[in-house]
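Asks: Have a look at this one.
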Amino acid sequence: MDKKRGAVRVHPSRPVTPVAPPTTRRGAEHHKVDLKGHSESWLRNHIAVCKAALTKLLGTPVATMMTVAVLAIALTLPGFLFTVLSNVQSLTEGWEGETRLSLYLETSLGDEDADRFSRSLLLRDDIAAVDYISRNQGMREFKKYSGFGDVLDALTDNPLPAVVVLLPRSRAVADLGLMRASFEAMPEVNEAVLDLEWLQRLDAMLAVAKRGVFVLGLLLGLAVLLVIGNTIKMSIESRRDEIVVSKLVGATDAWVRRPFLYTGVWYGLLGALCAWLVIQVAWLMLETPAQELTQLYRSQFQLTGLGVSGSSLLLLSSVLLGWLGAWIAVRRHLRDIEPS
Amino acid sequence: MIQFEHVSKRYDEGFDALKDVSFTINTGEMAFLTGHSGAGKSTLLKLVMLMEQPTAGHIQVGEQILNRLGRHDIPYLRRSIGVVFQNHQLLFDRSVFDNVALPLNICGYSPEDAARRVRAALDKVGLLDREKMNPMALSSGEQQRVGIARAIVHKPKVLLADEPTGNLDPQLSAEIMRLFEQFNRVGTTVLIASHDLSLISSMRHRMLTLKSGRLIADG
């Protein structure tokens with residue numbers, strides 16, 4: 001205890017010692033005096049300022065809540081959309097490489113002929129698997145999942161064609177295109193549809209959506225920056241006297257800046273926490289219906305929320321934006337406040 | 001301790017606040033700076049604090065040549081100087097104790113050490129029992145003493161005061177001046193700007209007289 005006290009006591013004499021010889025800059029002279037005492041008091045000041053900034057924010061709960069709510073909304077939107085997109089993307093990734101070619105057979109074709117046709121396809125080298133869905137089987141599944149059972153019962157004829165689903169060995173887009181054309185030319189086939197087409201379209205749409213979310217995120221990030229910057233600017237104005245007096249009794253720019261930077265960081269953190277909470281709740285609400293949907297597609301797909309990396313990205317970027325917004329505000333306005 | 005050599009200050013509007021002022025105040029000396037309002041007293045103190053830069057001339061405080069200090073050195077210069085203002089510049093959002101502790105917080109004293117020094121300073125100006133009060137609740141004489149406690153709490157080598165008795169009645173003014181004499185007696189260099197001639201002429205200290213920016217009398 002004594003030792004520590006001694007160290008601290010030496011340090012304060014620092015400012016009174018003649019400041020750096022004229023040719024050198026600040027720095028070394030001061031820090032050389034007592035490095036341990038200096039870093040100790042520096043850390044102590046940071047902790048105190050960090051706490052005081054939070055206390056000050058909580059001291060005006062309504063104003064703080066308003067700002068935090070605005071930040072949370074601005075952060076929730078891109079965060080949520082980003083999560084949705086990454087889920088859709090992981091969904092399509094599961095399908096890629098398993099491109100199927102669906103052959104819708106002529107309805108005039110009898111069940112036996114259709115079955116024979118599907119079997120003949122099994123002999124081909126370029127096809128890995130063949131799945132034959134007869135007209136009746138198709139009808140049964142359609143009834144089960146569409147909910148139009150009664151309407152379908154009223155029909156005298158089965159309007160559905162038999163379908164042969166092929167799994168081609170080749171995954172090259174050009175090969176698949178040729179294959180589709182050759183199948184469509186066959187007399188038994190009414191229409192040949194490559195899954196790839198809608199998958200490609202979906203991919204293209206996803207790319208557009210991703211870019212959209214990115215731009216939206218950029219804009220809303222800018223909004224976060226401006227909101228925090230403006231809030232800090234007002235806070236600087238309201239503490240004008242304190243800044244002037246502090247500068248008069250020897251506060252460095254860093255010392256004056258510090259409380260505002262911490263305020264910005266707190267805003268960023270609180271905003272991110274609220275946004276995180278909103279996203280998680282929204283996700284919970286989505287989970288059950290989404291699971292039902294994926295079950296309909298007999299998919300093994302698992303919905304994933306923000307996750308650890310998403311959450312930390314949200315938190316980190318928000319805190320960084322808070323700090324940056326405060327820094328810009330402080331840089332612009334603090335120099336104007338000089339004792340006169 | 002404070003040295004001016006041919007110092008001039010012209011403001012941007014073309015007004016000459018100081019013209020070719022030279023003087024030296026030695027370490028441990030106490031001096032008054034007097035003259036009519038607008039004679040340049042405040043400007044001179046501002047130059048010492050580096051709240052203003054001289055247009056010409058050479059200023060030295062202690063070992064530091066002010067003309068050569070950069071923006072980043074200014075805070076460290078100010079920590080070696082205690083200042084008392086006419087309007088005392090106290091912060092009304094915190095207690096008397098916290099007002100006096102501000103320079104110590106800025107210099108990085110530990111809370112225990114700072115508390116000890118704040119109480120010692122408040123004791124010196126006779127306000128130890130007021131530490132928890134808000135300065136707004138104090139009389140103007142007491143507020144000025146809080147301002148003095150804040151100026152001397154970190155034991156600066158130089159103490160400046162700009163019209164410290166401006167708003168006070170003669171009896172309180174004399175008390176304040178006696179406080180400054182006490183600090184001077186323990187080695188602090190003191191420079192007080194005041195136009196209260198009757199009070200300062202009774203105190204037999206060196207007197208620098210400014211008129212329209214020129215030093216017209218020294219002694």
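FYI, residue positions are counted from 1 along the chain as it appears here.
Backbone N, Cα and C define each Cβ position, glycine as well.
Annotated compositional bias 'Basic residues' per TrEMBL: A:1-12, in sequence order. Residues or ranges marked as compositional bias 'Low complexity' in TrEMBL: A:13-25. Summarising the annotation, TrEMBL assigns domain 'FtsX extracellular' to A:101-191. Residues annotated as domain 'ABC3 transporter permease C-terminal' in TrEMBL: A:215-332. The feature region 'Disordered' is assigned by TrEMBL to A:1-30. Look at TrEMBL and you will find A:62-85, A:212-232, A:265-286, A:306-330 tagged as transmembrane segment.
Each of the listed features needs to be described in terms of its position in the shown structure.
Replies: Cβ atoms under 8 Å from those of the transmembrane segment (A:62-85) belong to residues 206, 209-210, 213, 216-217, 220-221, 223-224, 227-228, 231, 267-268, 270-272, 274-276, 278-279, 282-283, 304-306, 310, 314, 318 of the same chain, restricted to positions at least 6 beyond its ends.
The list of residues near the transmembrane segment (A:265-286) in space but at least 6 beyond its ends in sequence, with Cβ under 8 angstroms from a Cβ of it, reads 53-54, 57, 64, 67-69, 71-76, 79-80, 83, 224, 228, 231, 303, 305-306, 311, 314-315, 317-323, 325-326.
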Asks: Using a Cβ cut-off under 8 Å, which residues of the same chain at least 6 positions beyond either end of the transmembrane segment (A:306-330) come close to it?
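Replies: Answer is 71, 75, 79, 82-83, 86, 221, 224-230, 232-233, 236, 257, 260-261, 263-269, 271-273, 275-276, 279-280, 283.
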Asks: Taking DSSP states H, G and I as helix and E and B as strand, how many residues of the domain 'ABC3 transporter permease C-terminal' (A:215-332) are helix, strand and coil?
Replies: 103 helix, 0 strand, 15 coil
